[in-house]
Amino acid sequence: MENRLNYYQIPREEWRSFYRDHYVPLSSRELMRIKSLNDVISLKDVEEIYMPLVHLLGMRMEARNYGQNQLADFLGIKHKPTPFILGIAGSVAVGKSTVARLLRDLLTEIFPNKKIQQITTDGFLYPSEELKKGHIMKRKGFPESYDMKALINFINDVKNGLPAKAPVYSHQVYDRVQGEYDLIDQPDVLILEGINVLQLPSNQQIFVSDFFDFSIYVDADEKLIKKWYMERFDLILDRAKDEPNDYYHAYAIGDRDVARKMAEDVWHDVNHKNLHSYILPTRNRADLILNKGENHLVDELYLRKFV
Ligand SMILES: Nc1ncnc2c1ncn2[C@@H]1O[C@H](COP(=O)(O)OP(=O)(O)OP(=O)(O)O)[C@@H](O)[C@H]1O
Ligand SMILES: CC(C)(CO)[C@@H](O)C(=O)NCCC(=O)O
């Protein structure tokens, strides 16, 4: 393990040995169940990377509850448990939602009595109609394209134990789905995933990350992220072929090379720019940086030293 200014740099070989003696690994039946829920992540990574991570999160939850109990004692009030909020940040197409879903399933498996919920901040993008009105349709994903006030109100409600509705975004419609919401109601853990969760919007007094109990930045070499973006684009087109209402249908039934060129341009003009201007600068605010290499395998982790 290498010592950096603010982080321990931990190669996977070392990380996978952490806590081996303390946790009960998943049985092969449980592993297969997890695999069926999340069929893209390698089982080796589930065992060697994500299980130690879940163990670390369990420790952080305990420590957080202990601290809250002590504070309540100090104030002479009754301790009211609050949801543990886990933020997951990183570039478009780096695999945030895949990691979020896996952690949700693993936490549910390991802590069956806890309610684990997960959402993405995509639903807090302004609807296309408003983006068009503001001439920022080509800035989708940039800070000004999100209703940050609504996102902060949402997370404030969740933290205060109130039921809260998260709007739903669909990549197929390429817009917010009108009238559709995810109801988040007193979870023990909420996983909040999105490119913007560690950002500091200049027009807000508080930040989304003020509510976080732990945060993860999913990272990878930019060339790999672009490759994953293009691979996902191909999958989206395959799916859109027989779906006339899909936003990508016209591209799906047209010339693939023309469609791919369009996606490359979007990567270059929108997502790559956003990564460098607004997403990468938030990396060093995360408690844990998860670095992925070829085939999405995690090769290195950076764990914040001072908690
Ligand atoms: N660990 C993994 N193993 C294999 N494939 C993965 C893994 N993580 C992500 N992928 C694939 O990479 C692509 C991007 O992943 P995902 O959709 O989770 O990214 P994202 O960061 O949530 O993107 P966005 O911000 O655009 O919603 C998808 O095609 C997904 O199936
Ligand atoms: C919805 C976001 C912003 C984040 O997930 C992203 O997937 C996106 O749609 N970006 C805009 C450019 C594009 O179409 O890739």
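Residue numbering: from 1, along the chain as shown.
Yeah, the Cβs are placed from backbone N, Cα and C, and that goes for glycine too.
DSSP assigns Gly90 (ATP binding site) to a strand. Under the heading ATP binding site, TrEMBL lists Gly90, Ser91, Val92, Ala93, Val94, Gly95, Lys96, Ser97.
The domain 'Phosphoribulokinase/uridine kinase' annotation in TrEMBL covers 85-232. Per-residue confidence over the domain 'Phosphoribulokinase/uridine kinase' (85-232) averages 95 (mean pLDDT, predicted model).
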Determine the binding-site residues, out of Gly90, Ser91, Val94, Gly95, Lys96, Ser97, lying near ligand 2 in the sense that the CB is under 6 Å from one of its atoms, and give them in sequence order.
none
Rank the binding-site residues Ser91, Ser97 by how many other Cβ atoms lie within 10 Å of each Cβ and give me the one with the fewest.
Ser97
Can you tell me how the residues of the domain 'Phosphoribulokinase/uridine kinase' (85-232) break down into helix, strand and coil by DSSP?
58 helix, 42 strand, 48 coil
